[in-house]
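Okay, so here's the structure we're looking at.
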Amino acid sequence: MSGRLILVRHGQSHGNVDRRLDTRPPGAELTDLGHDQARRFARTLPQPLAMVGHSVARRAAQTAAGIGAETGLGLHEFEGLHEVQVGELENRNDDAAIAQFNAIYQRWHQGELDVPMPGGETATQVLDRYVPVLTELRMRYLDDHEFPGDIVVVSHGAAIRLVAATLAGIDSSFALDHHLGNAESVVLAPITDGRWSCVQWAALTPPFYPEPEVHPVEDALHSGDPMG
């Protein structure tokens with residue numbers, strides 16, 4: 001198999017700066033720093049790169065545009081790759097909302113996939129809209145031995161961590177404890193029988209061991225970036 005799937009979180013958005021649970025498309029735009037992060041990410045990509053895709057969110061499209069400008073590749077928009085929909089928590093940035101989001105997100109990683117965000121999605125619903133897009137990209141492109149390189153898809157932190165951990169069998173404690181910063185990525189390589197192997201998580205490479213003591217909800221409350 002010739003290529004890998006690089007799931008990259010968008011650059012810094014104004015929603016990130018405000019520490020908001022900004023999940024409903026089209027959402028906030030990138031900051032100037034976010035645009036710079038997109039271009040810098042593109043310059044670090046291994047070659048060859050064959051395709052740049054993005055979710056329907058504005059910040060993802062703008063990040064992809066920066067990558068496309070650096071690589072000379074056209075852009076492809078994909079439905080289904082937007083962020084976890086938080087429903088009644090949308091656009092809130094108070095500690096209570098962030099704690100509620102993270103408590104439910106932690107339960108998802110512990111196997112309770114049908115617990116919904118208040119008025120929002122369950123993990124099952126996120127996976128059901130997201131995974132088929134990746135499967136289609138794999139079947140159409142990555143499984144073709146003549147496909148010329150990697151595929152970059154600009155998406156969103158919470159969704160990427162959930163999907164990557166599920167597809168590649170990453171330990172739930174590791175996925176919860178290792179947030180993705182803006183313009184950080186998870187790299188998935190297709191392996192046999194339709195399975196995926198995670199070959200990079202941000203700056204880390206396998207094996208992916210959880211931290212000795214993980215406190216994802218408490219840690220997220222003290223983070224300036226709850227959606228990473």
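Even glycines carry a Cβ here, placed using N, Cα and C.
The substrate binding site annotation in TrEMBL covers Arg9, His10, Gly11, Gln12, Ser13, His14, Gly15, Asn16, Arg59. In the three-state DSSP scheme, His10 (active site, tele-phosphohistidine intermediate) is classed as coil.
The active site, tele-phosphohistidine intermediate annotation in TrEMBL covers His10. Counting only same-chain residues at least 6 apart in sequence, those with a Cβ under 8 Å from the Cβ of His10 (active site, tele-phosphohistidine intermediate) are Leu30, Gly34, Ala38, Ala57, Arg59, Ala60, Gln62, Thr63, Val154, Ser155, His156, Asn182, Ala183.
Look at TrEMBL and you will find Glu83 tagged as active site, proton donor/acceptor. Under the DSSP three-state reduction, Glu83 (active site, proton donor/acceptor) is assigned to coil, being neither helix nor strand. If you draw a 10 Å sphere around the CB of Glu83 (active site, proton donor/acceptor), it holds 27 other CB atoms from the protein chains shown.
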Could you give the Cα-Cα distance between Gly15 (substrate binding site) and Glu83 (active site, proton donor/acceptor), in whole Å? 13
Are there residues of the same chain, six or more positions away from Arg9 (substrate binding site), whose CB falls under 8 angstroms from its CB, and which are they? Val154, Ser155, His156, Gly157, Ile160, Leu180, Gly181, Asn182, Ala183, Glu184, Ser185, Gly228
A 10 Å Cβ contact count, applied to the binding-site residues Ser13, Gly15: which residue has the minimum? Gly15
